[in-house]
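S.K.: Supplied in structure tokens, the structure appears directly below.
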Amino acid sequence: MKLIFLGPPGAGKGTQAQRIQESHGLVQLSTGDMLRAAVAAGTEVGKKAEAIMARGDLVPDDVVVRIISERTEQADCKNGYILDGFPRNVAQAEALDGMLAARGEALDAVIELKVDDKILLSRIETRAAETAGGARADDNAEALKKRLGVYHEQTAPLIDYYGKKGILRSVDGMKSIDDVTAEIEAVLKL
Ligand SMILES: Nc1ncnc2c1ncn2[C@@H]1O[C@H](COP(=O)(O)OP(=O)(O)O)[C@@H](O)[C@H]1O
């Protein structure tokens, strides 16, 4: 099974992807995590991405498309995967379509986690406070506003993109973590 978890920063994509990957034997592929690992390791990609990520902008499409293309070819992805944080704009979605078509594969579903902006802001502030010291470079008010703006401008159009393909499944991301997981499980059984 190949899934995309789509939603704004702080929507709970990572938390839910973690839970679903365990129950379905899938691999969670978070481009944010992979890019942070590249920054920490000081690779060429990391050097390119560091400042861009810190201010809340998107890393160039060719960089993340290559990362996903290479990662999904590894043996542990055979049973399927959850893309978390990718694609983030229409160009990335088209590149993903091309990659899957060339492999004779297709997406099973795109799970959209719907959360209001007001709730997102308070969730991310809490996350920043809880991880103070070890906080992510982009968990501050300014970068967060930027990330939300980038989401609405560039990523939200994907809701329509996948809606038209008939594979979009929207879930209320404002319920409890367990309830959201249950709703996703229900949607995946259909
Ligand atoms: N698919 C992507 N395309 C471009 N940049 C990305 C992509 N995924 C992650 N990034 C970069 O990594 C940052 C953090 O991403 P992520 O961990 O998914 O955070 P969140 O979902 O909380 O915004 C983004 O703001 C962006 O700079």
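Start at 1 and count along the chain as shown; that gives each residue its number.
The backbone N, Cα and C atoms fix where each Cβ goes, glycine too.
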S.K.: Look at the AMP binding annotation in TrEMBL, where T31, R36, D57, L58, V59, G85, F86, P87, R88, Q92, R147 are given, and name the residue from R66, R136 listed for that site too.
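M.R.: Answer per TrEMBL: R136.
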S.K.: Check TrEMBL for me: it has G10, A11, G12, K13, G14, T15, R127 binding ATP, so pick out which one of K78, K165, K175 it puts in that same site.
M.R.: K175
S.K.: Given a 10 Å Cβ-Cβ cut-off, pick out the one of the binding-site residues T15, T31 that has the most other Cβ atoms nearby.
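M.R.: Of the binding-site residues T15, T31, the most buried by Cβ count within 10 Å is T31.
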S.K.: What is the three-state DSSP composition of the region 'NMP' (30-59), stated as helix, strand and coil residue counts?
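M.R.: Helix, strand, coil within the region 'NMP' (30-59): 22 helix, 1 strand, 7 coil.
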S.K.: Of the binding-site residues G12, T31, V59, F86, R88, which ones put their CB under 6 Å from ligand 1?
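M.R.: Result: T31, V59, F86, R88.
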S.K.: If I restrict to non-local contacts, at least six residues apart, and a C-beta distance under 8 angstroms, what lies near K13 (ATP binding site) in its own chain?
M.R.: F5, L6, G7, D84, G85, L113
